[in-house]
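If you look up Swiss-Prot, you'll see 1-124 marked as domain 'C2 1', on the strength of sequence analysis. Residues or ranges marked as region 'Disordered' by Swiss-Prot: 154-198, 238-323. As annotated by Swiss-Prot, compositional bias 'Basic and acidic residues' applies to 248-257. Annotation source Swiss-Prot lists compositional bias 'Pro residues' at 258-268. Per Swiss-Prot, the feature domain 'C2 2' maps to 318-440. Feature annotation from Swiss-Prot assigns Ca(2+) 2 binding site to E351, D408, S413; the stated evidence is sequence analysis. The domain 'C2 4' annotation in Swiss-Prot covers 652-778. Feature annotation from Swiss-Prot assigns transmembrane segment to 879-899, 916-936, 1024-1044; the stated evidence is sequence analysis.
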Amino acid sequence: MNTTPFHSDPPPSRIQRKLVVEVVEARNILPKDGQGSSSAYVVVDFDAQKKRTSTKFRDLNPIWNEMLDFAVSDPKNMDYDELDIEVYNDKRFGNGGGRKNHFLGRVKIYGSQFSRRGEEGLVYFPLEKKSVFSWIRGEIGLKIYYYDEAADEDTAGGGGGQQQQQQQQQFHPPQQEADEQQHQQQFHPPPQQMMNIPPEKPNVVVVEEGRVFESAQSQRYTETHQQPPVVIVEESPPQHVMQGPNDNHPHRNDNHPQRPPSPPPPPSAGEVHYYPPEVRKMQVGRPPGGDRIRVTKRPPNGDYSPRVINSKTGGGETTMEKKTHHPYNLVEPMQYLFVRIVKARGLPPNESAYVKVRTSNHFVRSKPAVNRPGESVDSPEWNQVFALGHNRSDSAVTGATLEISAWDASSESFLGGVCFDLSEVPVRDPPDSPLAPQWYRLEGSGADQNSGRISGDIQLSVWIGTQVDEAFPEAWSSDAPHVAHTRSKVYQSPKLWYLRVTVLEAQDLHIAPNLPPLTAPEIRVKAQLGFQSARTRRGSMNNHSGSFHWHEDMIFVAGEPLEDCLVLMVEDRTTKEATLLGHAMIPVSSIEQRIDERFVPSKWHTLEGEGGGGGGGGGPGGGGGGGPYCGRISLRLCLEGGYHVLEEAAHVCSDFRPTAKQLWKPPIGILELGILGARGLLPMKAKNGGKGSTDAYCVAKYGKKWVRTRTITDSFDPRWHEQYTWQVYDPCTVLTVGVFDNWRMFSDASDDRPDTRIGKIRIRVSTLESNKVYTNSYPLLVLLPSGMKKMGEIEVAVRFACPSLLPDVCAAYGQPLLPRMHYIRPLGVAQQDALRGAATKMVAAWLARAEPPLGPEVVRYMLDADSHAWSMRKSKANWYRIVGVLAWAVGLAKWLDNIRRWRNPVTTVLVHILYLVLVWYPDLVVPTAFLYVVMIGVWYYRFRPKIPAGMDIRLSQAETVDPDELDEEFDTIPSSRRPEVIRARYDRLRILAVRVQTILGDFAAQGERIQALVSWRDPRATKLFIAICLVITIVLYAVPAKMVAVALGFYYLRHPMFRDTMPTASLNFFRRLPSLSDRLI
């Protein structure tokens, strides 16, 4: 065993960190004093230190502007500390009837949200409830920041306890000071005294997957006292992947004196490793030193498994030393040089001026200027922003400049320019206010100035910022013609409604009189809304009045702004040729909206003949069109706002809210997504003489919000570092992120080439722990006709920020998944599939009209529009999923078979004892069963998934797929393959259908045998069964039930020496019962 001597503790640090909480104001707090007001004060609790502000007398919008400072005992673990801020109403300033200070709200902030001094800003936090039944409103404005200051050794070592004691004295009443001091001396001795305390026994610290199970006292103890030796058992990843010593251990103490032998070098940013490499540390009393045992363990799917990456972005679980860039703390800040060019004035005569922007690394030109009507050409306007990549080293270079010059597009003559020193360009970081544009005098060479060719001013602003800047989404990164298709963009899906059309009755129809005898006219109503159409069944005729009745519902999908018209056509289909009897056009915007099941009155609409423009409500004379009167039709129309219009597959749906906003419930949290970048993308196109290239961008979809990152051109390892947020209304939803190759940026308006899919991932929100950052790398997998192919990897950081209390989140699990109308008036499965296809087309058409457009192929891929297509591979995957679900039953049957065969006599005897206890005390059966489930859940906690799972190729049966099955999966409908190929596939499908047919027949036969027990199809078998049942009845009446249960159980568990290898008499009796199989033709 190799041993390594321990090192002595490092000297105490002379740097002390302070946390400052500036309580600014509160707004719209709840009145609690019984007189319509509140006298509020704030209590701040951090690291066992409490402080309070002054009380503001009777003010619902109090302003404090008070600063409270706290000592940070462990700066390295500050990100995991909690800052509790509570607002109370002071009972002393009330009406005298209160016994305690009333609670007005609370805010809980984690240390990862603290900012360094100089980067803080005023942030308003909504006040939260303490319990489900609390009534809280309002918000509180805070400034929170920290700073480090120098402190002497006494202050750093022993001043913490004294300062904490003083803070406790400041908050608590004087009568509690003595008790507090005694309590602190008892449980928090100074460090000088702690060094003399002998250890009672070695502590046991288990570090598992980034979680530390250790008391706070033991953590403080390890900082000042030498620990026993450490034996480390580590499961490391494969050799080609490195893991640093501090990965996935956010709570690990960096000052720990023990060091394992030969530690690997620390990982660099962006390094990846398989999750989870498990490290367990057990402290034992052995000689100094430690052993390391490495066990290589590969993930189940190899290179197709998601991995944890170590990033500089920080956020929680991958690194300890991180900087918070609130609220964009999931991605790395990328600096850009922003140049906003607004307009110019007093320019020399020109036709179409433009601006050139030049640095040492970039050269771009603006679009041609726009001159307002009525203004001279010497005052052009551009209103354009450029975002050029910038590094700190660019500003540090001596003489680095930014040149902005104006030029005449027709003659390419120089109109003047401005030069900036990059070292003097200001740095802007939101929430700083935007820099106001300023006028700069255009300059040129000395000859140009003397000749008068250079004149005028240009209005612009220059600053250095990051991708957080509000000007970044609309900024131009280059002057290429296709730059509009490379910008980032946020889209919103259209608001979709279900349009319910109830066709009731039609009167005064002009039916042809020359019908054959005894022939009833076949009258149908066809409804059409855009590309959607539906037709009713044959109407029933009333012989007395000559009217036709249907009472049939048709449902369509209508999208805002509701500009379409609903067209109703009454057709006579008695003959082969359909005859139009009349039509009516109804604007969708005029249809009544409802959000519940209330009754909507019907209206009569006039039917018009050829040339009519529309039908209005009323009687025969109430039409407003220009065509002849052809009858009238009674309709009940309404826009259903109580349904959720499904445009996604139900199993990957990201939103279940109804259309009507009045029915929305408050959000339960915020989903934050940081799209870091991609690695190892494959070439998707060839340009510049056959050189492979990829122009990748990402699309993320959750709820009604779509986001699109900017396109990184000609890069196989693009880095986006863009962060987006969504409000979460239901945790049982799915976030979808896709990667595409941009083809539209190279095509003109006449040649619209679709973008190529690279891959996508799905993350279910319910699998994320609250307020925890997951920074992972997921493989991008695409199923091609040649098989499964890995197109690269995407790196994302995701966090489900859940500020609400736990009951608010858990209450969502007990609520219905879909809105109320889906259960009161449910829609059929086939009808939902048709409506989903229509909704997908409408969303795709809506997003295709945006700039830059989101292509229909992108929308269909993100919405899984082809998820219901036939595939032999999917059928096999679903079959094995069923087998996996029933595996527990198979395992239980095998376990019982091993028990009854006495494979393990000790276990069988224990089962006998447990069976006796349960039979004699039947009240313990149900509690024992639930206790067993609890134990199973606790046991499987060790094997819980540590990161959100990605696409599983083994579950999808995509590892080894038959080429012909893949070709069949990608075949169109109707098929485009040769007849002999289709015939071979049909024969193969028939063979599979025979197996299914046989299994269904066997199931039916077993059920029919059960029915034959009392159906007298076999008289002798029925007589025997009735006689056996009579004997069992007499025995159960005469013998106690417990005795019968014990006898049956012991008979079932009897030793194999008392068994017969032949089937039992009861099984033979059941197999001899007749079924209906012999009656099949």
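For all residues, glycine too, the Cβ spot is worked out from N, Cα and C.
On a predicted model such as this, the values are computed, not experimentally measured, just so you know.
The structure, with features from Swiss-Prot marked on it.
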residue	record	Cβ neighbours (10 Å)
E351	Ca(2+) 2 binding site	11
D408	Ca(2+) 2 binding site	17
S413	Ca(2+) 2 binding site	13
Taking the mean position of the Cβ atoms of E351, D408, S413 as the Ca(2+) 2 site, which residues outside that list, in the same chain, have a Cβ no more than 8 Å away, listed in sequence order?
P349, N350, S352, A353, W407, A409, S410, S411, E412, L415
Helix, strand or coil for S413 (Ca(2+) 2 binding site)? Use DSSP.
coil
Cβ under 8 Å, sequence separation of at least 6 from the ends of the transmembrane segment (1024-1044): give me the contacting residues as numbers and ranges.
919-920, 1013-1014, 1069
For E351 (Ca(2+) 2 binding site), just give me the three-state DSSP call.
coil
How would DSSP class D408 (Ca(2+) 2 binding site) in three states?
strand
Just to confirm my parser: what is the rounded mean pLDDT across the domain 'C2 2' (318-440)?
80
Going by DSSP, how much of the domain 'C2 2' (318-440) is helix, how much is strand and how much is coil, in residues?
8 helix, 49 strand, 66 coil
Residue distribution over DSSP helix, strand and coil in the domain 'C2 1' (1-124):
12 helix, 56 strand, 56 coil
Secondary structure tally of the domain 'C2 4' (652-778) (DSSP, helix then strand then coil):
10 helix, 63 strand, 54 coil
